[in-house]
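**Student:** Structure in structure tokens, see below.
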Number of protein chains: 2
Amino acid sequence: MPIYQAPLRDYQFVLNELLDIYNQKELAGFDEFDPELIDAVLQGVADFTTDIMLPLNGSGDVEGCKLIDGKVITPSGFINAYQQYVDNGWATLTCDPEYGGQGLPEVVGLFATEMKTATNMAFAMYPGLTHGAYAAIHVHGSEELKGKYLEKLVSGEWTGTMNLTEPHAGTDLALLRTKAVPAGEGLFAISGEKIFISSGDHDLTDNIIHLVLAKLPDAPAGVKGISLFAVPKVMVNADGSLGSPNTLCAASLEHKMGIHGNSTCVMNFDSAIGELVGEPHQGLRAMFTMMNQARLGVGIQGLGVSEIAYQNALNYAKDRIQGRALSGVKNKEMAADPILVHGDVRRMLLSQKSFNEGTRALMGQQALWLDKAERHSDPLQRKKAAQLAALFTPIVKGFVTDQGFKACVDAQQVFGGHGYIHEWGMEQFVRDIRIAMIYEGTNGVQALDLVGRKIMSDKGAALKIWSEEVKAFVQGQLGNEAMQPFVVGLMAAAGDLEKATAILGTEAAQNPDSLGAASFTYMQLFGITSVAWMWARVAQTALAGLESNTEEQAFYQNKLKTAEFYMAYWAPQTRSLLKQIGAASSLICEFDEADF
Amino acid sequence: MPIYQAPLRDYQFVLNELLDIYNQKELAGFDEFDPELIDAVLQGVADFTTDIMLPLNGSGDVEGCKLIDGKVITPSGFINAYQQYVDNGWATLTCDPEYGGQGLPEVVGLFATEMKTATNMAFAMYPGLTHGAYAAIHVHGSEELKGKYLEKLVSGEWTGTMNLTEPHAGTDLALLRTKAVPAGEGLFAISGEKIFISSGDHDLTDNIIHLVLAKLPDAPAGVKGISLFAVPKVMVNADGSLGSPNTLCAASLEHKMGIHGNSTCVMNFDSAIGELVGEPHQGLRAMFTMMNQARLGVGIQGLGVSEIAYQNALNYAKDRIQGRALSGVKNKEMAADPILVHGDVRRMLLSQKSFNEGTRALMGQQALWLDKAERHSDPLQRKKAAQLAALFTPIVKGFVTDQGFKACVDAQQVFGGHGYIHEWGMEQFVRDIRIAMIYEGTNGVQALDLVGRKIMSDKGAALKIWSEEVKAFVQGQLGNEAMQPFVVGLMAAAGDLEKATAILGTEAAQNPDSLGAASFTYMQLFGITSVAWMWARVAQTALAGLESNTEEQAFYQNKLKTAEFYMAYWAPQTRSLLKQIGAASSLICEFDEADF
């Protein structure tokens, strides 16, 4: 069975040393926690995920979910584990205290999610989707709706889902056909078929609150005619008790590549009774307000699974003996050297390690921007943080899941033939994490969002804020000898990004389609550069740590060494990406349909 | 169900126009076939694979193999399909006419294998492994052994396997524990456990000939003490009839990520009777002489599955309507445009298309080198071809399966959520092809073979032959205006490769371990450059076709356009790879075990 050691020291490093979250007193509620509390929470989640969730990961994959007599049965052990999850209060971390939540920052919730996803992605999706439903109702629901559903969603007593996709409508929600007809007393009858519904039905809780996108009879055409409804699996009486079953069901389970422990359902709504969430026809806008959180939540899956895959690959590389080092025998007592002596095994592991740690820092920064956007006392700071979070949302989703998948493939590769065999767990990581590149907007859609909405529509305003932050950082480090390797690497990458952005501007004016052709490559370039920025900041923080903390010299030295590797291995990729953007984008558009 | 259209026109292009195989009269046996015969063979394989093998691919994956009462049951339909395969003579194409083969060139067999792998990789592995066993006995077996086994292996009446790996010994065969004890009359009793044995047991044929690596009692330590044995599942009497069962069995089936239709077995040999193939203790050398063919056979899997994945992604992209082109509505009659209008979908498809066609040309070239090495009348030409084939063996295996896997992941991505669902077949392609990066020597081992044996040990002799061929080609095209875009792209990539090779030389002298650290990146750089070389040659051939063939102008124009795309999108990647090699390789070796 795969091992897992929650990266708690790295969480402390990011939260305390790099992001300094304990001194952000302008953020409402940030004065209510201290390192002791946060460490205890993260330690608790680490224990729960390692002891309870991880042992169910492989068995959940083999067993999968079953649909029997219209009800979904989750894999053995899931019901019990979920009950403990609820009892321990792990569902409540970042939720509103008014409804039983603990009001902890996003950045803490983020790392809790990393551990959950690392140890059991399929299981983690049940509470994960619930959190989305909670957020939708919390932000857009009426007081009545909030009173009815929020406490039970916060506690985890009930779960939630998001019903968007239909067979003919995925990315393009304008094509939705699900209908909502007024049924009196503020209620609506929802009818239609939804597919790919994660946690659509299960046996973990008594009720499931489905958030469903549908069209009202008077809906304008297109995306401006979509409304959002809360549709319970079981009707809820005025006193909060459960009434009769609603007219909806899981029609079938999707046969998926991975995340078998999560019930991905085809859902049928047959005049199911629901209530409007937010204003009529404003459903897509309601979804969009939660998008930054939701996409960060998928991005962290890319990191979480990459982290556990790395840990197991490293463990195997230390343990497995095979062949000898090119420079001669290292391990005379044994018949062969551990494969960690081989340069290519090291290359794969260091690529993963430097990606994981750098990305963890970036995602922490993104979560803190989300916190600032919501909690900062200064409206200008709130606005600035919101702009930055919007800009980086496609990066933390699209770039991180893309590279996280590749990291898992590399980790699997370290195992040789054993990586292809189920028992070792590595092939499951690859199958599971593959979905993160697709759902919550494919990574191609993320790239389009980045170049279209976040760069072009915005006329580069958010990018400018960030670029100036990078420039100021570089400026501040120019006199610092120890920082030079990192500053030089960051400057080269940032320079390539600047040139690529200029090309985008020209392309957009001449041929909008070639903007699309460049988008994914641009997102990669942006992602690599932004992680280079984080590694430079990590290096700065590590140099400070070296001076102030005599007991953990090895930890900080390791950060510097890993930063150096990132600058040598990852950062130079920007050069080719820039060349690809310049040379290939317009060419891609010149191919006629018949040319493919 | 996935569609498949065998790329017959591209095969003709590579065989006839690019490689000119019908005018290689110095190659023994090359005068015995003509375009009509080869076209008929390839058309026959195309029909068989599309009509018979493809429909069993998805069902074979779902059903998998079963081990019941010590016997492996293959998925429904496999027995019947295999019988037709044998009856049609598809097993015999490239085999020795003396034993019932058709003596066709490797390059023809290669493309037959591409079609088989594309339509049903798991099924194709049964005859694929047989061919390996055939080759081992054909090259190294005694006349008696050849007489006993070859005709039935050539016809496909019996199948063969390769038993190398043991639980503790994969890449490092020096660690083997399987024993062979003389049992009189030139026979040996083989005992031990082998794992990952493809086609280890099945119900397709009456007998299976296992080629097994084992150690004789007087074996010297290490890889020079390994012998090769032919061990039949059922003993063969002197008259060729089947005798009693041998004492070997499939102990269990491996639970794999993919290729479920192929029976990957743990094999137990319990004093099983076998005969020596070749000289005692020379087993590994015997395996090595077949290595170039075997690795080309795995490389072509990378191309075959990438090709069918591409075809289906393209088909879906034309059919699926979702969203609108960035430049405005393209398809007014429909509610949305086909997703082929989107630049990023096109980028993924063109990346696949240019990889597939360029790689097909490279693999054709490699197969022709193998043919030349064996059949050319001039010993100097034979030697030169053998050197080139040896140099490119790690490329066609390691680079092609690596990028072929990525191409399949991209093709899956084109399908959005549907790509993750089994019914569409795309996720199976990804799971199936993943093994090709691992078996027959992991791609990391290929990279080590490239930099160690093929570049350094050889003192760059083979590389020099190839480099001069590239330089001569470039020189010859300098005055050709139409060829400039391709020559420029090729020169830039080749220049980066030259610089990278120089760095390797320095590294090897200073620190052999960092040679290993650079090896994989170097293999990528080499692969991209060699496909750029092929695309430049394809462009030259296409320009000639444009002049001589007025009926297929679109075909040749398309080749030029795709070549241009390759030079714009793939070729520039060499720049970053060179930078990575220079900056990261020695750094990778400086990490201590505790630093990971």
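Don't overthink the numbers, they just go from 1 along the chain as shown.
Note that Cβ sites are derived from N, Cα and C of the backbone, with glycine treated the same way.
Annotations in TrEMBL come from automatic prediction, not curation.
If you look up TrEMBL, you'll see A:82-157 marked as domain 'Acyl-CoA dehydrogenase/oxidase N-terminal'. What TrEMBL lists as domain 'Acyl-CoA oxidase/dehydrogenase middle' is A:162-271. Marked as domain 'Acyl-CoA dehydrogenase/oxidase C-terminal' by TrEMBL: A:282-449. Per TrEMBL, the feature domain 'Acetyl-CoA dehydrogenase-like C-terminal' maps to A:467-591.
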**Student:** Looking only at the recorded stretches A:82-157, A:162-271, A:467-591, which one has the largest tally of CB-CB distances under 8 Å to the domain 'Acyl-CoA dehydrogenase/oxidase C-terminal' (A:282-449)?
**Tutor:** A:467-591
**Student:** Do you know the DSSP helix, strand and coil residue counts for the domain 'Acyl-CoA oxidase/dehydrogenase middle' (A:162-271)?
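**Tutor:** Going by DSSP assignments, the domain 'Acyl-CoA oxidase/dehydrogenase middle' (A:162-271) contains 7 helix, 57 strand, 46 coil.
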**Student:** I'm checking region-level scores; what's the whole-number mean pLDDT for the domain 'Acetyl-CoA dehydrogenase-like C-terminal' (A:467-591)?
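**Tutor:** Taking every residue in the domain 'Acetyl-CoA dehydrogenase-like C-terminal' (A:467-591) and averaging pLDDT yields 96.
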**Student:** Within the domain 'Acetyl-CoA dehydrogenase-like C-terminal' (A:467-591), count helix residues (DSSP H, G, I), strand residues (E, B) and coil residues, in that order.
**Tutor:** 115 helix, 0 strand, 10 coil
**Student:** In the domain 'Acyl-CoA dehydrogenase/oxidase N-terminal' (A:82-157), how many residues does DSSP assign to helix, to strand and to coil?
**Tutor:** 60 helix, 0 strand, 16 coil
